[in-house]
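Chemist: Please read through the structure below; I'll follow up with questions.
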Amino acid sequence: MDRVNMSIAILPMSAEFGWNPQTVGLIQSSFFWGYLLTQIAGGIWADTVGGKTVLGFGVVWWSIATALTPVAAKLGLPFLLVVRAFMGIGEGVAMPAMNNILSKWVPVSERSRSLSLVYSGMYLGSVTGLAFSPLLIHKFGWPSVFYSFGSLGVVWFTTWATKAYSSPLEDPGISTAEKKLITSQSTAGEPVKTIPWKLILSKPPVWALIVSHFCHNWGTFILLTWMPTYYNQVLKFNLMESGLFCVLPWFTMAVSANVGGWIADTLVSRGVSVTTVRKIMQSIGFLGPAFFLTQLSHVNSPAMAVLCMACSQGTDAFSQSGLYSNHQDIGPRYAGVLLGLSNTAGVLAGVFGTAATGYILQHGSWDNVFEVSVALYLVGTLVWNVFSTGEKILD
């Protein structure tokens with residue numbers, strides 16, 4: 001919710017402050033400057049001290065930054081860029097921390113479903129943010145979006161602080177039998193004390209994760225940050241319609257991520273190798289969006305364009321059972337660090353992709369934007385299928 005609200009609020013903010021597309025691209029990408037800084041640091045922190053502390057810190061930090069966004073915008077562009085970067089610092093630790101927690105709590109046979117379920121919270125958050133932002137803006141003005149969404153993080157933290165635990169061994173609320181069941185089927189082991197960087201970076205499957213994450217996130221982050229603008233400028237939807245129609249692709253992702261997780265775990269339980277399953281799921285996650293984005297230049301109605309966007313995002317969500325599950329496959333003890341490492345590449349794609357989109361739109365067209373995304377999806381497909389593995393390669 002806190003990440004997508006700017007993609008809606010940027011429309012009235014641009015009108016009020018007189019920002020051109022390149023300035024909008026700069027503002028959208030400034031979030032990623034901070035997000036980039038804490039990916040690997042968040043992974044190291046989570047793998048050494050536990051995911052509960054790290055995720056709690058992240059949510060409080062980015063909630064405060066969200067609430068400060070309207071103040072910063074009125075002070076001037078440099079202040080807004082700094083606050084958006086600060087928000088990224090908080091959000092940067094979230095995914096490594098979540099990956100660390102899941103590696104401790106979830107057996108291998110439930111890995112795809114659990115990760116898809118947790119990550120679908122991000123998609124449903126996007127749905128909620130995109131649905132409610134236009135309503136709040138229409139009734140109370142654009143600053144209300146940041147004040148209301150930012151305050152929700154504090155509410156979440158009060159529950160998290162009392163109910164969450166980094167691993168089942170720390171949780172007094174579950175039985176000894178359940179702890180034994182989880183720990184016997186989990187592959188995470190003890191918290192790490194040192195990170196074997198040379199060993200990690202010498203493994204081709206690690207580099208397959210890094211390259212594939214970059215290729216995947218280029219298209220995903222462009223859609224995340226620029227979709228309302230596309231609906232408004234190309235399809236001529238108003239602010240309310242832009243927000244509401246943006247909901248459909250993210251809702252589709254929430255559903256298809258869980259369908260993909262169920263399919264992946266079912267295949268694994270029936271004896272299909274984890275490597276084969278990860279390659280199948282990620283190929284769908286790359287080739288599906290590539291196909292549907294190529295269709296956007298051929299459709300003649302807004303309804304068909306929205307359908308193509310929904311299908312693109314729906315097939316993209318199969319990545320949760322592909323590359324996003326793979327960190328726990330190849331190095332469960334280092335799941336946070338590996339996610340931080342590959343997501344650093346993914347964030348670089350966000351930084352360059354959102355900024356490049358503003359530049360491309362000033363000098364080209366939306367067709368050019370989609371062509372770049374499709375090319376990277378195809379590169380990702382090739383790299384993933386040649387170099388990835390579902391086997392444990394890091395002890």
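Each Cβ is built from the backbone N, Cα and C atoms, and glycine gets one as well.
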Chemist: From the ranges 114-138, 289-313, grab the one TrEMBL calls transmembrane segment.
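Modeler: The range carrying the transmembrane segment annotation in TrEMBL is 114-138.
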Chemist: Is the transmembrane segment (247-268) in contact with the transmembrane segment (334-361), using at least 3 Cβ pairs under 8 Å (sequence separation of 6 or more) as the test?
Modeler: no
Chemist: Are there residues at least six beyond either end of the transmembrane segment (26-46) with Cβ under 8 Å to its Cβ atoms? List them, or say none.
Modeler: 3, 6-7, 10, 19, 53-55, 58, 77, 80-81, 84-97, 99-101, 195, 221, 225-226, 334, 336-341, 343-344, 347-348, 350-352, 354-355, 358
